[in-house]
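Q: Quick paste of what TrEMBL says about this protein:
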- 356-585: domain 'ABC transporter' (DOMAIN)
- 15-35: transmembrane segment (TRANSMEM)
- 41-62: transmembrane segment (TRANSMEM)
- 69-88: transmembrane segment (TRANSMEM)
- 94-113: transmembrane segment (TRANSMEM)
- 120-141: transmembrane segment (TRANSMEM)
- 161-187: transmembrane segment (TRANSMEM)
- 215-236: transmembrane segment (TRANSMEM)
- 242-261: transmembrane segment (TRANSMEM)
- 268-288: transmembrane segment (TRANSMEM)
- 294-315: transmembrane segment (TRANSMEM)
Amino acid sequence: MAVESKPKGRFNSDLTQVWIGVALIAITGFGPVILGNSYWIHTFQLVNIYIAAAIFQNMLFVDAGQKSFGQGAILGLAAYGAAILYGLHDWPFALAALGGIVAAVLGGLLFALPALRVQGFHLGFVTMSAAIVFPQLLVTLDKWTNGINGISVSVPELTNPVVFGMSPLAIAVAVFPMIALFAHYGIRRSKLGRSMFVAALSPEAARSLGIKPGVMRFTAFIVASIGTGICGILYLPTVAFVSPQGFNIELSFVFFFAVVVGGRGQMLGPIIGIWIVFILPNILLAQFVEYRLLMYGTLTLLAVLIFPDGIVGSIERLRAKRKQTGGGEQAFRIDGFLANLQSGKVARSPSEEIAVEVRNGTKKFGEVVAVSAVDLKVRKGEVHGLIGANGSGKTSLLNVLSGLSRLNSGSFTINGVDATNMAADRIANMSLGRTFQAPRIFSQLSLWDNLKIGVDARVGPASADITALAKAMEETFGQDSATLLSHGQRRLVEVMRTVLKEATIVLFDEPAAGLSQGERTNFANLVRFLSRQMGKTVILVEHDLDLVWGIADTITVLEQGRVVSSGKPDVVAKDPAVQHMFVGSRHA
Ligand SMILES: Nc1ncnc2c1ncn2[C@@H]1O[C@H](COP(=O)(O)OP(=O)(O)OP(=O)(O)O)[C@@H](O)[C@H]1O
């Protein structure tokens, strides 16, 4: 593999943090039991339950980008649900627990509904309001909840010691946060995790990869509710009592602050966060309990001022910086991969069938007519160059074709199917792939995960070529970070993402901007490979006319949203209507 040799960043920081986390959880889970002090056993059981809840808060807040400030209410819903069914209605505990988790999931769905419409801190306000209302609701609905008096429960089958003086509950409370940590890690490494990340960071990119951001938000809320709900179920026999006071907004703040103080998105963050935000005020400064909320706030403020990325996040940043020192810019080269792909292939010509057809398409932005009565036919397997001055409507047309914006009038088809009013994710799932003028590369994900998003988005069966390419890329890039890529290389990564998606129709939006001459040649070879050997249809928006004339089968020229010329490159080059564009180019 002729890829530039460089030290590989094989160190998997997430996994290392998971193992450190497991060790810390084991200390709080089993340590007090070994020491045999019942006060500490009880306190650290609560710590472990809160650690698990903060882990799900971390996943929801960072991986899925959902700013929920109400996870304490979700925990309370599960605990109260189970307490009502077990303590007041004598259900078996297992069934009551299930009922509690169902209550938590329903609460999560209630949070997910506004998340479809509002995001960011607006969502934060909605969920925070729900968390404020929750304890008041428990008081008001006293007919069902026992109001201010709360519900006492005792679950002897869970709390009686069974092995080494540990009860089933103590074991569950020690082990569940570890499960939560591995679950978070597993989700992050999975297609679901990557899709949640992309949907949170760029809904536009997500939709153009066939991901429905709304479905991702719902899924994240449901997963977090199940996890937080289990925490509520563990809370019930641990504390043996639920009351509205136990689930006020303070609890939600503990989880949220723990994530921020520990390090947003860091696997270890919630554990360190709970140690600082919960243990410090509640145990070491127990005599000042009435100032707890003030202490949470002060600690968070101090921690965020000193460690803007949270404690673990700041350590991670230092480590990453040290790793970068002397490393310079990261290389992302495709020539080695290309050489492997192209060996022994027979070239094919574009077919006469139509892949994309626009009929009388007009797209307006207020008074601005970005695309004006455009007729366009793109044949299957051809490279179709779309050129024109800045503001001539090229990107607007690509946005229409990928479903990210709608035509005001006219229509278009993809492989003969009317796609005029289709959602972007449906169009993406018809095997259309695209890149963006500002490449959507996510520095929170590794370089390989950025590419793997393309593999995740594949709709048809995998070809042997691309499967081999994916394997080679995974081996080459390992856990390399995507933060050091130059702008041009970010474009190339996004281009390779569409290649890994095996999209049959690919829209490239100024892919060569910022590429070196060598990279441009590699890119041109890649486009030739895609069209001539893999039969892909390529629509190429590009300002580098030499590149377009070097690889396009057909060229369409736009001017102020209108098609002024379209045809074979040599015919378009001689068209008097477009000659003025070639001043300074070799086509002049
Ligand atoms: N979201 C938008 N809101 C308002 N006007 C827009 C929007 N998007 C594009 N336009 C306008 O539509 C026209 C076409 O823009 P578009 O970005 O499609 O051109 P382009 O050919 O891709 O330009 P460039 O080569 O600079 O990327 C421009 O006048 C632009 O200002």
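Every residue, even glycine, has its Cβ placed from backbone N, Cα and C.
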Q: Is the number of Cβ-Cβ pairs under 8 Å between the transmembrane segment (161-187) and the transmembrane segment (41-62) three or more, considering only pairs separated by 6 or more positions?
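A: By the criterion, they touch.
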Q: Any idea what the model's mean pLDDT is for the domain 'ABC transporter' (356-585)?
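A: Mean pLDDT across the domain 'ABC transporter' (356-585) comes out at 92.
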Q: Could you pull out which residues elsewhere in the chain have a CB under 8 Å from any CB of the transmembrane segment (41-62), counting only those six or more residues past its ends?
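A: Tertiary neighbours of the transmembrane segment (41-62) are 25, 28-29, 31-33, 68, 71-72, 75, 169-170, 173-174, 176-177, 180-181, 184, 187-188, 220-221, 223-224, 227-228, 230-231, 234-235, 238-239, 254-256, 258-259, 262, 264-266, 269-271, 273-275, 278-279, 282-283.
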Q: With the transmembrane segment (215-236) as the reference, which stretch in 15-35, 69-88, 94-113, 120-141 has the largest tally of C-beta pairs below 8 Å?
A: 94-113
Q: Quick test of the contact rule: Cβ under 8 Å, at least six residues beyond the ends. What residues does that give for the transmembrane segment (242-261)?
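A: Sequence-distant neighbours of the transmembrane segment (242-261): 50, 53-54, 57-58, 61-62, 69-73, 75-76, 79-80, 83, 127-128, 131-132, 134-136, 138-139, 145, 147-151, 153, 235-236, 269-270, 272-274, 276-278, 292-293, 296-297, 299-300, 303-304, 307, 310-311.
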